[in-house]
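Structure first, commentary second.
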Ligand code: NIG
Ligand code: FE
């Protein structure tokens, strides 16, 4: 079955050869893109979806989200808006609620967020564990995550849970041993929150190395709450991505610039914690590959909207609208080491979003407005 998406006023392909096309069309065969070009040259197809002159973009690739949890922390957010700092201490509140919830509750919550994201144009979403922090609870959170995404991440090293408060080294041993063994069948990636109040550089190295030996690929929460070794460790270990990158030294930027590690910026977290935004311009000007993601979680960034994060990146981080859209699509794909998503060219996955706007510029120009009208995921209108 083939589908022609026609009468596209502006088509952002993210393909260096194709660029941004006007009066364009896309032909989809099954779950893949078969053809991209000018509307007047479009081949016939079995079905037709008319974009009515609107803009079409690759589906957003949200490469950093924490979706398996119970409860919320709206009160903590309100206190922060009133001046309380964000320390990550609230993670333990969500751990207690998550452990107490049954599978159906956790599944329903994660499914709701995936659906919410999908309606807003997100066609790939990475999902981390990290609110179970016991062997059984991490494994079940990842099992549920795996039902919803192939991009799943074991984050047993989110914080040291309360019952190990007096024995953090014992917890690191548990993460590297039994917990990793139970989680690995459901995960592609391994992540550590390497920051003050969580895990230090040596602990993070030990955990990521054990994960890599079990076949998981490292990524890292790094330099969110303060300066530290996280970003340089990510580069040293060949991690796919260093995420947050809020507090960077020149050495951190140089290390990223000379490496394939992506800097994933999460401005929803700075918005919701009243922290300074990361310096995207410094990274881009140094030649670092930048991705944008939501960090969707109940503590530091309870948004599933990639468009909102893109608008923040443009307004608060001085990214151009073109850089921000690339980072939210192709950049996310790089952070997940995928070349079949985040781009609209023959052979790529048929994941795209039609906007109720003549240009992608409206994503940042009209913040907070739900501009995504139709989403194609694996070639199927959602
Ligand atoms: O990426 N910083 C660590 N983890 C999450 C926040 C988790 C939470 O506060 O519940 C983050 O911001
Ligand atoms: Fe996160």
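Each Cβ is built from the backbone N, Cα and C atoms, and glycine gets one as well.
Automatic, uncurated: that is what TrEMBL annotation is.
Taken from TrEMBL as is:
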- 64, 66, 221, 295: Zn(2+) binding site (BINDING)
- 64, 66, 221, 295: Fe(3+) binding site (BINDING)
- 73, 131, 158, 224, 300: 4-imidazolone-5-propanoate binding site (BINDING)
- 131, 297, 299: N-formimidoyl-L-glutamate binding site (BINDING)
- 242-361: domain 'Amidohydrolase-related' (DOMAIN)
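Among the binding-site residues listed (131, 224, 295), 295 have a CB atom closer than 6 Å to some atom of ligand 2, in sequence order.
DSSP assignment over the domain 'Amidohydrolase-related' (242-361) gives 48 helix, 18 strand, 54 coil. If you draw a 10 Å sphere around the CB of residue 131 (4-imidazolone-5-propanoate binding site), it holds 31 other CB atoms from the protein chains shown. Checking the binding-site residues (73, 158, 221) against residue 299 (N-formimidoyl-L-glutamate binding site) with a 10 Å Cα-Cα cut-off leaves 73.
The least crowded of the binding-site residues 64, 66, 73, 158, 221, judged by other CB atoms within 10 A of its own CB, is 73. Long-range Cβ proximity for residue 297 (N-formimidoyl-L-glutamate binding site), meaning a same-chain Cβ under 8 A and a gap of 6 or more residues, is found for 65, 66, 67, 69, 94. When the alpha carbons of residue 295 (Zn(2+) binding site) and residue 131 (4-imidazolone-5-propanoate binding site) are compared, the span between them is 14 angstrom. For the recorded site, residue 64 (Zn(2+) binding site), the DSSP three-state label reads coil. Counting every protein chain shown, the Cβ of residue 300 (4-imidazolone-5-propanoate binding site) has 26 other Cβ atoms within 10 Å. Within the set of binding-site residues 64, 73, 131, 221, 300, 221, 300 have a CB atom less than 6 Å from some atom of ligand 1. Across the domain 'Amidohydrolase-related' (242-361), the model assigns an average pLDDT of 98.
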